[in-house]
Structures are given as structure tokens and as C-alpha cells.
């Protein structure tokens, strides 16, 4: 296990654009930290910097209080799982698992013990004599993880390891990875663009945008109290609803007080009360545009004046296009932001 510290990390390429700009981050010993953000935000570059596959332009990287900026990747005691499984196709599962250990001249008895332990842990014992092409996608991903686990590294790095799997298998593997990390207690960093993966796996979550950190916190802290418009919009499915303060006051009046800096309001799709409760908050008289059934209820696209909202209804609606849907958003369920700064007010 290990503690990781990144101090004022900058990564700049020849075009003078900072891929990562003045980033500071601490990962606690044994913590599972998930970095989430859109494509191009710098999350995979950050992982590669920690692994030693990319050099920083400036800043300091520490593992257990030891500066490792100039350490070679092989000397950092870090193991990485990639999106493509990176297995040797001509080797058996056993051969893939033992390859790195043999290169490090690990005693044969120790190799056999480690492989037996990992094969049992990952439930790949029946596949040890098979080659990768004889395995399913999920089985190959388990082998890829097994290959890094047998090394017993200080740090695990996961670079979108589940993106090649179908939705059902991805959900299952999320649970398996979380259980595995809890068992091993190895400091882990996991990169994904999938917010559901991030919220499922993370002890702590980092939301990145354009090379900087927008917010750090537990998944529920970030969901319940987004610090910026970007975080509010990026985290949550269906996405949050935004409303211009002037539009609200134009149609409904000044129903509650908020700071002068507030010009954007937002509410989560599930944070509504069906019906009219004017004593609890603004009432929206809307028309249904589209209903998306989800089994336990439905997501409804509604129109209020010229604004579209998505609301999460916990019942099966039989209404159709153009029919009325009235709901209330309580005062405490509004998030408030400043458009110019993008920050929460």
C-alpha cells in the first residue's frame, strides 16, 4: 500500500496547450480513487504520469513521501490495467500470469503460490491452461487484473479497463473490482468517463475538466452538492435541469430569496413533487413531450414555456404527447450557480 501526492503537476506538449494545469491531489493509503471526466480532460494522461509513461513539464510526484519524477516505470512498483487486455496471445493464462514474475527472477515456489492464490481470488482456476482467444471478454479482463495482482505492487492503476465489455458484464465487473480492492487494500486509481462506474467504485471521486480538477469528494457529496455548473451537468443521469433565474422570476415571480450572484438555478430530475404545492416551492405547469419507460417508472421530457425539463417519475405514466404534467420543486432542492464564474453560490 502507498500514499500518493501530486504537487503542482503541469503537462504541456509542443503546441503550448496544457493538458494538465497546476494539479494537486493526494491519494490516501489503501484508498480507491476514481478520476472521471469527458474525453480529452487529461485523466488518462495523469495516470500515465503516475506510471512513469509520461514526463511532467513541472511539478512533483511522490509515493510514500519519496520523489519519483525521474524513476523509471519499472522501478515505481506500480501495476497498470489497460482498456485493451494486453495479454500475450501465444501464452496460456498461467504463462501470462507468471511472465512478469519470471522476469524478476521470483523463486518458482513463490510464483506457484501467487498464481494459485490469484486464480482462486479471481475465479480463473479452470482457465489456467487456456489461451486468451479461448476466453470471453470478462475472463480476459480477469486475467489482465490477475497479471498485475500477482506482482503485489504498491499501487494499482486502471485505465478504463471495462470499456470494451457489454453493459451487463461491465456492471458485474465493477462489483468484482470493488470487492477485490477491499480485500487487497491496495491504493488504487481508476480512470473512466462513465459516471456510473465512478460512483459505484469510488471511495473518493475526482471530476476533471480541461486539465484541472473541478471537485473532489465522495460520490454522494459530489452528487448532492456540485461545486460548479460543469460538475452538476456532468454527474447525474438523467442530467440535471438548468433554469435561468430571470426566466423563473418572469413567469413565477420572486418566490424565494437567493444571493445576488445567483443567475442559474438547477434541480435534479428526481427532486420533484408531482402536483401543486405552492407553499413548498415553485409550481411548474408543463406539457409532456416524450416518455421513456424504465420499468420501475419513467423519465419524462416536459416543456415549460420554451424550456425543456427531464423529470424522473416513480410510477408508470399512461399520458401522451401534449398532455399536462404539473410538478413542484421544493426550495431546498434547488442548486444555485453564477453563470460567469461557473461556481456554486
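Cβ from N, Cα, C; glycine included.
Long-range Cβ neighbours of residue 43 (ATP binding site) (same chain, at least 6 residues apart, Cβ-Cβ under 8 Å): 35, 36, 37, 191, 193, 208. According to Swiss-Prot, the feature ATP binding site maps to 37, 38, 39, 40, 41, 42, 43, 44.
What Swiss-Prot records for 4-235 is domain 'ABC transporter', and it gives sequence analysis as the kind of evidence.
Long-range C-beta contacts of residue 38 (ATP binding site), restricted to its own chain and to partners at least six residues apart, with a cutoff below 8 Å, comprise 193, 209, 234. In the shown protein chains, 7 other C-beta atoms lie within 10 A of the C-beta of residue 39 (ATP binding site).
For the binding-site residues 37, 40, 42, the greatest number of Cβ atoms within 10 Å around a candidate Cβ is found at 37. Sequence-ordered, the extra residues of this chain that approach the ATP site, with Cβ no more than 8 Å from the Cβ center of 37, 38, 39, 40, 41, 42, 43, 44, are 193, 208, 209. The domain 'ABC transporter' (4-235) scores a mean pLDDT of 93 in the predicted structure.
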